[in-house]
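Participant: Pasting a structure here, questions to come.
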Amino acid sequence: MLAQWGSTFAFSAFPTSSYKQHRRTPSTSSTMTYSPRDEDDGMPPISTPRRSDSAISVRSLHSESTMSLRSTFSLHEEEEDTEPQVFAEQPSVKLCCQLCCSVFKDPVITTCGVSQKCPVDNAKLTVVVNNIAVAEQIGELFIHCKYGCRPAATGKPGAFEVDPLGCPFTIKLSSRKDHEAGCDYRPVRCPNNPSCPPLLTMNLEAHLKACEHIKCPHSKYGCTFIGNQDTYETHLEMCKFEGLKEFLQQTDDRFHEMQVALAQKDQDIAFLRSMLGKLSEKLDQLEKNLELKFDVLDENQSKLSEDLMEFRRDASMLNDELSHINARLNMGILGSYDPQQIFKCKGTFVGHQGPVWCLCVYSTGDLLFSGSSDKTIKVWDTCTTYKCQKTLEGHDALVSIQVWDIQTLQKVNTIRAHDNPVCTLVSSHNMLFSGSLKAIKVWDIMGTELKLKKELTGLNHWVRALVASQNHLYSGSYQTIKIWDIRSLECVHVLQTSGGSVYSIAVTNHHIVCGTYENLIHVWDIESKEQVRTLTGHVGTVYALAVISTPDQTKVFSASYDRSLRVWSMDNMICTQTLLRHQGSVTALAVSRGRLFSGAVDSTVKVWTC
């Protein structure tokens, strides 16, 4: 609240209203690594007598497969095949590489006529077709069985020689796999006990007859028998599991089927979990999209509701205006609509960061003080620059009164005035009046000091409106206006109102006017104290009233929660104009030199003139 005394000091109290500027499990890819199993067990060949030691050792080449060559049409570097390969006779030089002297493997024909790629030569050759003729000649070459070979005595890597104690057979290169798969010299392990010494395939049968580690075929069911072939046959006749072998076999088969089914179920479950994870992710995304759409829908619906309410409010105001116009036309009062008397917005003061709750004009009319919920007072030049001259900061409580020097715009004193927030201030006759809950305090102004003179009591609610005239102080509270003698400070009259608490009061030469919480404006005759009219039209609390008087007419301006200002002609009690420019509730009014200033919740102050 703001009040000004004389030409030296201004008083301010922190406004009573506050303002608010208006959330799959990741799929993990499992990579399974396969390790190739050796076709043989990797045991060294067991030596046996040989028929020939005249064979020549030749290192073979390992090249790309035919499919790889056909698919890529280029040769890649080949890995060396360390499998023993000892030829029974010296191969023809036409079947050997001229660089490394190794027999070709998977020979091909290239565009330049060369039919192979040596590992020594890094040139990239383009393959045309496999060299079938050379491949067939190589396949007809005789080699020693790999179980009849051993590493060469020279120790050269990849070089082998005939083992006189190994397999004595020589075979065609193209059929070596068939022979070696059933070779009697192929090393094997005892199936009964891995701890038995290494055996050759030809010795396995004799070993099994003498092996002392034969287990009962029903050992997996719990039979603990271990013995040789003779005791094994005797044990089978007595084994308690033998008679149940069909049942046990059926049980095994059934168990195996169950394992297979379980594995299949596990795969199905894993698949379903994967699908469930994907569905969960999609569901989460859909929920997020749906929430976003609902948020947008709610926001749009809220905006539409606000627009609709504002439209209805504006429509109501326009209907009221039309009604007033019709009434004026029927009464023949046309002069009230003189275009020279139409008020228009001439400018806007912008700078506050919160609602503007009070306005006060310096006595000379050049400075306008505006108080806001941002805890600042801004001083505006209304004569020349129309800019903010200074921002006064210092309020930090709702119950204190600050004293400011108008000349220097500096704070000179702070008084803790009430136990409750200060709602309104007014000065007159070298006194300052402050209104709060059920109390009005009267202060003598003594320089920069305020001395409490008297406290006016008997008030029924918050005192939100105070107006001082030459002889009287008018105070508004709940459905009551009290009139106090300005000198004796005694209550001399009480006006009863309707419409809830009195929020604003204005006094003209002929009338007392008040605005109420329930949108009404009551008018009393100032002499008789009789209510003469109730003005309707606002659809929100009437926060402020102001008066502009000329010799010809008196106008009262009203500011309301409904974001509008109304202009009332006190000659015939009719609204002559509705001003709609603020984007929030209009909360404060001040007049100076025929100009009207309005402050609002939209943090702006607007200037209105004819």
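Cβ atoms are placed via backbone N, Cα and C, with glycine included.
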Participant: If TrEMBL is the reference, give me the range from 101-128, 129-156, 269-296, 465-492 marked as coiled coil.
Facilitator: 269-296
Participant: Taking helix as H, G and I and strand as E and B in DSSP, count the residues of the repeat 'WD' (579-610) in helix, strand and coil.
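Facilitator: Per DSSP, the residues of the repeat 'WD' (579-610) fall into 0 helix, 20 strand, 12 coil.
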Participant: Cβ under 8 Å to the repeat 'WD' (495-534), counting only same-chain residues 6 or more beyond its ends: which ones?
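Facilitator: Here the qualifying positions are 461-462, 464-467, 469, 474-483, 540-547, 549, 554, 556, 558-560, 562, 568, 570, 573.
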Participant: Using DSSP, what is the helix/strand/coil residue split across the repeat 'WD' (495-534)?
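Facilitator: Counting residues per DSSP class in the repeat 'WD' (495-534), I get 0 helix, 28 strand, 12 coil.
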Participant: Looking only at the repeat 'WD' (535-578), what is the model's average confidence as pLDDT?
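Facilitator: Taking every residue in the repeat 'WD' (535-578) and averaging pLDDT yields 91.
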